[in-house]
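Below is one structure, written out as structure tokens, with a few remarks after it.
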Amino acid sequence: MEKDTEKTVEQPKQKKTKKKINEKNAIRKPNLEDRHPFILNLFYCFFMPFICRIKPITNDDIYQIDEKDKCENVSNLVVKDWKLKLKQFLQDIQDFEKQKTDNPELQIKESSKPSLFKILLIKIGGIKLIFAYVFLLLYIGFQICQPILMKQVLKQVTLNVIDADQAKFPYSYAIILMFCPFLSSLFNTLQSRLIFHIASNVRSSLAGMIYRKVLKMNLSSQSNVNTGRIISLLSADTYQMALYSPVFFQIVALPVQIIIPMVFVIIDWGASALLSFAVILITFPIQGIISSNMSKAMRLYLQFNDERNKITNEVLQGIRVVKYSGLESIFIDRIEEVRNKQLGAIFTFTLANQSLNSIT
């Protein structure tokens, strides 16, 4: 009987070890995005195997990521430049302190701190970011051209009704008008693909830098680090950076989307179109107040999220002590208390967001 029980215990262990070995030795499929031609990638054809799929997605369907998009390579690219900038900054600080002690009467300007944001733009964005911005401007341009071309076509059609001999059908305007939606969607796809790649690389590089910093800490430094804050940085904050990177990119092109159509409207409608511009200016202070409330609510949400993650992590690490001492209800009350505060911050953020959407 004892031998049979030992065999039954060993069998699931052997299955688990075999499963782990098979997972390690499993060869990932080649990257479908790189294998397809460029014209097919514009229409996201590498997603076709997952459309109208009957069976669930398994590990065999996960293909190998491109080398330049791997977290290790992207984080190495950023960390290398960041270390150089930080080393130069520390050297400048030492020189500044030395000059200040030697010549206290001289007014010497302190060197500015290195910007991680600039490093991310240059190293991760680079030429891709420039191309994405150009494609975005072309996308906006073709969107703006459509009503102007439609106006010219309708103008010739009305002239044809009045005087059929003098009016001619604007074939050039009509042909360009037919191609405008296709070209607009094409350039929108191009800039979206580039921006999504940049956003995912930003998230992976920041997560890699945080992991590096945590692993290189000594034991005394690790004891002083807030575990909930680290978990929040790796999960929520990096996700928010990747989520709002395309939004920041769109904000840069927002003046072009507002000013150019406004100029055409003023040319066509005259000074009366300035009323709409005045309404937009009036709503700007209201949008600023609501946006500040949104940022405050988001900060409170992240603060409560760090506290909740810290308590949850403490409970999981000392789960035996909690069970033996019968402290489950106490920790549950603490977690629920922080969660209720977090829900209040979520309600404030959602209310401000909906108010902002109703104004805009």
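In case you wondered, yes, glycine gets a Cβ from its N, Cα and C as well.
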Residues flagged as transmembrane segment in TrEMBL, choosing from 169-190, 191-212:
169-190
Under 8 Å between C-beta atoms and at least six residues away from its ends: which parts of the chain pack against the transmembrane segment (273-290)?
258, 262, 265-266, 352, 355-356, 359-360
Long-range environment of the transmembrane segment (129-149) - Cβ separation under 8 angstroms, sequence gap at least 6:
121, 173, 176-177, 180-181, 183-184, 187-188, 190-191, 194-195, 198, 249-250, 252-253, 256-257, 260-261, 264
